[in-house]
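What Swiss-Prot says about this one:
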BINDING   10-17, 57-61, 116-119  GTP binding site
MOTIF     32-40  motif 'Effector region'
REGION    165-184  region 'Hypervariable region'
LIPID     CYS180  S-palmitoyl cysteine
LIPID     CYS185  S-farnesyl cysteine
Amino acid sequence: MTEYKLVVVGAGGVGKSALTIQLIQNHFVDEYDPTIEDSYRKQVVIDGETCLLDILDTAGQEEYSAMRDQYMRTGEGFLCVFAINNSKSFADVHLYREQIKRVKDSDDVPMVLVGNICDLARTVDTKQAQELARSYGIEFVETSAKTRQGVEDAFYTLVREIRHYRMKKLNSREDRKQGCLGVSCEVM
């Protein structure tokens, strides 16, 4: 069974834990209890493949920012979550993305932009979020942990992005092994 290490990042209070718990336990948590760090595991079937999702739900509060580098190093893919009723959390997405790219030392990291709390009045327009995602070259999903709208879609889209990334890396590794005549070469 293939395992995927997913990390949920974003500002405090955007609903990262609520999204994760809704996926794992089919339950909406409506009271806000700031997370330091929680880990969850769930077996799911995505596109016919049985997968084990290892999900790290992270602290959004600034006082825990020193821990971010560590979990960003181990994550394979990232849900960058903002609240559609909080423009500051939308602006903060850029900071999380830049930190992920720095820690991973790559511009090419599997990531999905998630606009959460879509069941409430918005201050961030859907078009703004779509344009930001397009500029980053990533997918955008709107979610509501309360109604469960888009929750599976967000996590499953990230798994598909990780699969795509793994295949791309595997193919580029295979290409490097090929000589100019199409003969496999290995350096001893």
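Glycine is treated like the rest: Cβ placed from N, Cα and C.
Around the Cβ of THR58 (GTP binding site), 26 further Cβ atoms fall within 10 Å across all displayed protein chains. GLY13 (GTP binding site) is surrounded by 15 other CB atoms, counting those within 10 A of its CB over all protein chains shown.
The DSSP secondary structure for THR58 (GTP binding site) is strand. The DSSP secondary structure for CYS118 (GTP binding site) is coil. In this model, the motif 'Effector region' (32-40) carries an average pLDDT of 71. DSSP gives LYS16 (GTP binding site) a helix state.
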